[in-house]
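**Q** I have a structure I would like to understand better, so I am pasting it below and will then ask my questions one at a time.
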Amino acid sequence: MNESPLLTPTLFHAGPVPISGAVVVTWLLVAVITTASWALTRHLSLRPGKAQCVLELFVETLDNQIRDTMQVQPEPYRALIGTLFLYILAANWSSLVPGIEPPTARLETDIVLAMIVLLASIGYGVATRGVRGYLRTFAEPSWVMIPLNLVEQLTRTFSLIVRLFGNVMSGVFVLGITLSLAGLLVPIPFMALDLLTGAIQAYIFSVLAMVFLGAAVEAHPTPKTLENKEP
Amino acid sequence: MDNLIQIVSILAAAIAVSFGAIGPALAEGRAVAAAMDAIARQPESAGTLSRTLFVGLAMIETMAIYCLVIAVLVLFANPFVG
């Protein structure tokens, strides 16, 4: 166990660009998810088959979750949140395939995922409120809060990174240690626990992404929107 | 001198993980106890409760994981070891 989990070993070079194992696994996952989504949505019918039923159940649950968490219509956010959830779930569970290490156990993948959430929250905030309106949310409830709000943007992105990285990395770490201590069947309960942790972390990451996007889109309901909500 | 820093780093990692595990352990115990209590009172809401419990437990566990990350940082990416 002398290999540092914080360093990313280079697998090969594509020209001047070093390619790590996590990137290759990510490409594989993207290919698999894209192919599966394409194959599942190609023959949609009014009388759904088994696969389409599962798909509709997933999309409906996602929509309800977005509606409950963000209090908005789910259409603009469905693709982003759903893709985040599916990718993290597939990445966490990819450790089941022998020889594949989940890309989320490397710091870089998690940084990119959290950066996507941060940039998306800025983008959606600017799109719904305008640049001036979005910047004004930093000065709410008063201008004293500006530094705190700025720091909050950074710390919550950082906690997103470390939460996902720490959970998945510690799973891989524990597996490696048990494997080096005891042989064949002992790591299996830990792998089952990893499955649970991976699913919960994917769920938590997407829920937190929803919360951040929701905060950027509708941080403090203005009196006008409240009036509109009253019948 | 370099050796001393390594010894201190290993000690610091052990202390970080052990003390960082105390708080989340107590918190998880309280959360599970409260959930058990609620399930005993209202067995029909066990599904919602256990789902929320799992998410809450994962959130609490993250605090311990932060300590683990710090320990790993100290062990593998220590800036003071040449």
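Using the three backbone atoms N, Cα and C, a Cβ is placed for every residue, glycine included.
Annotations per TrEMBL:
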TRANSMEM  A:20-40  transmembrane segment
TRANSMEM  A:77-96  transmembrane segment
TRANSMEM  A:111-127  transmembrane segment
TRANSMEM  A:164-188  transmembrane segment
TRANSMEM  A:200-219  transmembrane segment
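Structural setting of the listed features?
**A** If you look at the transmembrane segment (A:164-188), the same-chain residues 6 or more away from its ends with a CB under 8 A from one of its CBs are 1, 5, 88, 91-92, 95, 101-102, 104-107, 110, 113-114, 194, 197-198, 201, 205.
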**Q** What stretch in A:20-40, A:77-96, A:111-127 has the biggest tally of Cβ pairs under 8 Å against the transmembrane segment (A:200-219)?
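**A** The stretch with the most contacts is A:77-96.
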